[in-house]
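The active site, tele-phosphohistidine intermediate annotation in TrEMBL covers 100. The active site, proton donor/acceptor annotation in TrEMBL covers 203. Residues or ranges marked as substrate binding site by TrEMBL: 99-106, 112-113, 149, 203-206, 214, 230-231, 274-275. Positions annotated as site 'Transition state stabilizer' by TrEMBL: 273.
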Ligand SMILES: O=C(O)[C@@H](CO)OP(=O)(O)O
């Protein structure tokens, strides 16, 4: 493990908040009041759904939850701004990444990939613990994969949040689903956090290894071969996705859908999977294909990034039970936290 890239999680107990958060601005009377939920329009992600079908066809995926890919209307910018200018003007935002808690197949040591299995009791507890660690961080939007273990993790984590906003899954799989899930109270919308589910954030498709026991597979094919399938960057497991292939869809989704939200100052949480998050972290931390090999993510451990000036700054610290061990924070985070304390005490 000497060469491992150590990704520091958010510490337990206390954390810090962003003044920039639209929720904060609304709640605490900041001059530029913008309501979190206002203006969100959900569009059917037709191409995404097609993408998922073709992914399934290509890899013969048998099980995967319905793809509820939702596309939040892109943030609109003045027409002539270049991306660089936008980045410079962009406000600060928090990005939380959480790998789902332990699943029933993690417990059984089976290759899981796109198979849609739920959390174990321990996984539920991990998700709740993760929620405690991020309970003071503002969350304006949540992105999860289409798989239940990531969705359970996001929902359970949010039960611990001090603001007690309600995460609500946006259903845009059909016009009817969109209409039938409408909310008719602006106040209720303000107390909600939209949850966008996207197949592109799914675990990498493990091909013919899905459902096989990892130890038995290593015994059969050799430790080195199985390690190559599991951790090499560009060698796919039989009929599955390599990390590189997984990155193509997960990082593209991040750039196209999540980064614009961060650019507009929204604080985002992503609940996803070991390999889809490894590929996203590779992009955020500019890791090489050699470095990412050694990147391991634990289940249920949140990681925090601050997005500022177009850059992602990792704000991790070794997991620890004390405030002192918690990640560094910005003045805005600290101020948000202070206001939250005042409001809730
Ligand atoms: O089985 C899987 O889907 C993944 C994550 O649990 O396994 P690995 O860590 O081997 O990539």
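A Cβ is built for glycine as well, from the same backbone N, Cα and C atoms used for every other residue.
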Sparsest Cβ surroundings (other CB atoms within 10 Å) among the recorded positions 99, 100, 204, 214, 273: 214
Separation of alpha carbons, the residue listed as 'active site, proton donor/acceptor' and residue 214 (substrate binding site) (Å): 16
In the chain carrying residue 102 (substrate binding site), residues 6 or more apart in sequence that have Cβ under 8 angstroms from it: 119, 120, 122, 123, 126, 299, 300
Cβ under 6 Å from ligand 1: qualifying recorded positions of 102, 105, 113, 203, 274: 113, 203, 274
Chain-internal residues, separated by at least six, CB under 8 A from residue 203 (active site, proton donor/acceptor): 112, 113, 114, 145, 147, 272, 273, 274, 275, 276
Under 8 Å by Cβ from residue 105 (substrate binding site), counting only residues of that chain that are 6 or more apart: 111, 112, 115, 117
Distance from the residue listed as 'active site, tele-phosphohistidine intermediate' back to residue 204 (substrate binding site), taken between C-alpha atoms, in Å: 14
All-chain count of other Cβ atoms within 10 Å of residue 274 (substrate binding site): 18
Local backbone state of residue 273 (site 'Transition state stabilizer'), from DSSP in three classes: coil
Cβ-Cβ neighbours of residue 113 (substrate binding site) (radius 10 Å): 27
